[in-house]
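Copied from TrEMBL, the annotated features are:
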type: TRANSMEM; residues: A:96-118; note: transmembrane segment
type: TRANSMEM; residues: A:124-142; note: transmembrane segment
type: TRANSMEM; residues: A:162-181; note: transmembrane segment
type: TRANSMEM; residues: A:201-223; note: transmembrane segment
type: TRANSMEM; residues: A:244-266; note: transmembrane segment
type: TRANSMEM; residues: A:272-290; note: transmembrane segment
type: TRANSMEM; residues: A:302-322; note: transmembrane segment
type: TRANSMEM; residues: A:342-358; note: transmembrane segment
Amino acid sequence: MNDLGALHHSTPPGAADPVKALLHRHRDLCEQAVDPLEIAAGLEAHGITDRTAARFRHRDVFSLAEELYARVSRDDAAPRPAPATTTARAGAARTVLVLLPGLPGALCAASAVALRLTHGEARVYTAAAGVLAVTLALHAALRRGPLSARTEIPAHSSAASWTCWLIAYTLLGDGLLRTAVTGGPDGLPDGTAAGDWPLTVAPVVALALSCAPAAWTAHVLAARVRRRLESSRGLEDFAASVRPLLIALFALFLGTVAVLVTATSALLDEPLALPSTLALGGLLFLARLLTIHGFTHAPKVILTLTAAAQLTALATLFAARLPGCDALATPLQTLTTYWSPAALPTLTCGAASLLLLIHTTRKLPQASTHIPPEPPR
Amino acid sequence: MRIGLLTEGGYPYVGGEGGLWCDRLVRGLDRHEFDVYAFSGDEAQEDAGWVPLPPQVSRVHTAPLWTAEDDGVVYGRRARRRFSEHYGELAAVLCAARDLITPGTRPATSEADRFATALRGLAELARDEGGLVAALRSETAVRALERACRTPGAQRAAREARVPDLLSVAAHLERALRPLSLDWYEEDGLGAVDLCHATAGGLTALPGLLAHHFFGIPLLVTEYGVRLRTHYLTRPDASPAVRSLLAAFHGRLAAETYRRAAFVTPGNTHARRWQERCGADREKLRTVYPGMDAAPFAEAGESPGRADPHTLVWVGRVEPAKDLVSLLHAFAEIRKEEPGTRLRIVGSPSDPEGTAYLGHCRALAAQLFPDEADGPHSVGANPVSFEELGGPGLDTPADAYASGAVTVLSSVVEGFPAGLVEAMFCARATVSTDVGAVVEAIGGTGLVVPPRNPRALAEACVSLLRDPERRARLGAAARARALELFTVEQNVSAFRGIYLEIVARTPVRRLLLDGTGDPLPFATPAEAHVPGHWTDPTPRAVPGWAAMDTPVPATETAR
């Protein structure tokens, strides 16, 4: 490159093809250029001016670039390897992936055990401390790692408060419903599964523990989607390959939740509430999956509707105690008598997660969902 | 006259690129009123704040190009169809096989029109409905891109586009089309100015293009470095499909800008050639050289004898494109001929690459030139010194240029060589490489050698070092040339003239409204469009036979 002048002197005029030497020297540039102007810009960046171009019998750099563009053969140009994805922070990422999502589950299990072991006032403090610790851990798990949203979402969205309601209902709702049907409750819950207003701790512990499989599933999904993105030829191909993947991973997650809730129920010696826990777990997982990919609207609406449905059902039960409103309680009472108090959350959450599943299988296979986020500047 | 000044990452912000030039322009044209429409470069720039603005700047509108807020608008069926139609058209134009634009001939007009129509369609959609940011990242957009790429007539690179390529193109286009979503295109925004002056091409000129479309505002585009060329050089390391589609977009955008602009003012002949190549009409091109403040260099320029006759000076930002290695090799040759010569390299790097390059150059200098001392008892020093501006005795660039007899420029890539012009203001003889606009700036007032040719550089330097008279002659000529061509005053007055010419040629015709908002009939009488003073009492154009007995003053007929 240092010797444009030397090139001129060393090649006798007319004897050889000076452009060929130039082409050889700038082969990379010419093969990868998408139009002659790109070659012209590249040549200028290498110090070739119109006066240099005159030595190649060209009027200016542009016409020289056009000749180069026309003469280079692009047919056998090997496709360049895709830019390697950065794996610099793999170590830190793995810690986040393994430890952080496990934290809420561990803390929740510890709180459940502590609730069993303490009595009286100490139990109240334990419960408060447990709730606080689990909330903080959950917050941390959702802020970093595979469950974190790609785009900024408002810190205090209504979706979060309705999620709290749904979990609180799992903890307290079944007990409340059971006592309310028979005219209770007569006091606040005492923190045991045996009292007047019993707590159902096992599903909540199972849900907290399922944060970890949720994170891993989301991670696997992201990795697989990236690979499919690279390998698929068209948008239809991509959608067709992602949809079964999505459903399979969702089923896997539900299976994990089923195992977890069975195990916790057995360990904590509580009746098994499999359908309602599965429904709620599926609902929350899908809502988070959509939020991760930037679809915040649908989860918010569905969560709000679900919680509102449960709230209304409870309200009818208590409103029926007003004189002349007996008929209001009939549907819920029928449901509770013929099935169980768990029917209410099962039906509401089940319907909601079905809706979200349909929405997810329509939205996530869209390639536009996976447009790489803008690099921070 | 009200000027809408469009800037990007520049003017009202502190330390913006090209900010100084805009500031001088605005201060120099204090008879006009300026509305500044600025794109900020990044968040740090926004936090840094603005430079003090003169009173003729009446309004400043800013918008970030580095981020976009989704306004939450979700398109209905009709809007989506409209979007899909226009975006599909845009994608089809970008994917279409391009015929080479040869200078002198018009680019394929139908393709250019399709691009313009699609762009306008998207702009109108953004103005009517909003929500363009989300739509440009939506599945509809990606599908339209895919469809365009798979069309039989598409160019080869586009046909090979894979899904990640489509996504990357969609993301780039979303970023590029952000100016469409701005709220500037209102009657009291860009609709109220008489003239849009875009201080760069590319995306900066896009609001001007839309103002031209919506309100018929004439557009003036000033380009010191051609944006399209910058795009090619800084292209992301992407697949051929992505690069080809984006190059098509930027190429078409440049062509459309040049087509709609009333005037295009390149900063030098190099930029001018690129603009002609991209389809700018030769009649529209007016080269306006950048103006520089000559005052700081006046003292050095008036006293050429102050220079040390054995010192060469290089001033600039240290980066690989400056080819300091070649300069050091040339200096080794010079030392063989003129052993007492010293070289001062004044400048500092601005990025990590430059820092590494500076280290490399220092090592090379230490290797090539051993330290030398006057006698056996004094401390030696290297004949090559690396210094920074602001060091002892080097308060301003003028001090640096003044200290040497010859200023050297060894770049392999250069736009407009500002440092060379500063040396010219200082009346220093110069030796420079033949890159960018160097020859054009220097004229015949300095020596020019081919780039990457240390021997030629050394020979030119030696010939100047040995001939003080020639140095003085060249220096004086250089200063005279710089004072004539590259001062702020000539720059400002050139723009003043161009502004007046544009407004005289393409005045904005506005519909005057009365108090209730209805159009006012006959507010602009037909005579207003007649050239010349129609209220002038003396008849202006009088036929020869009628003028016999009423002599018309010579000045009147000449007008």
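Note: Cβ is positioned from N, Cα and C throughout, glycine not excepted.
Contacts between the transmembrane segment (A:96-118) and the transmembrane segment (A:342-358): absent, as fewer than 3 C-beta pairs lie under 8 angstroms at sequence separation of six or more. When each of A:162-181, A:201-223, A:302-322 is scored by its Cβ pairs under 8 Å to the transmembrane segment (A:272-290), the top-ranked stretch turns out to be A:201-223.
Long-range contacts of the transmembrane segment (A:302-322) within the same chain, counting only residues at least 6 positions beyond its ends with a Cβ under 8 Å from a Cβ of the stretch, are 158-159, 162-163, 165-166, 169, 173, 176-177, 180-181, 283, 287, 328-329, 331-333, 344-345, 348-349, 351-352, 355-356. Only pairs six or more apart in sequence are counted, and the transmembrane segment (A:162-181) with the transmembrane segment (A:201-223) gives three or more Cβ pairs under 8 Å, enough to call it a contact.
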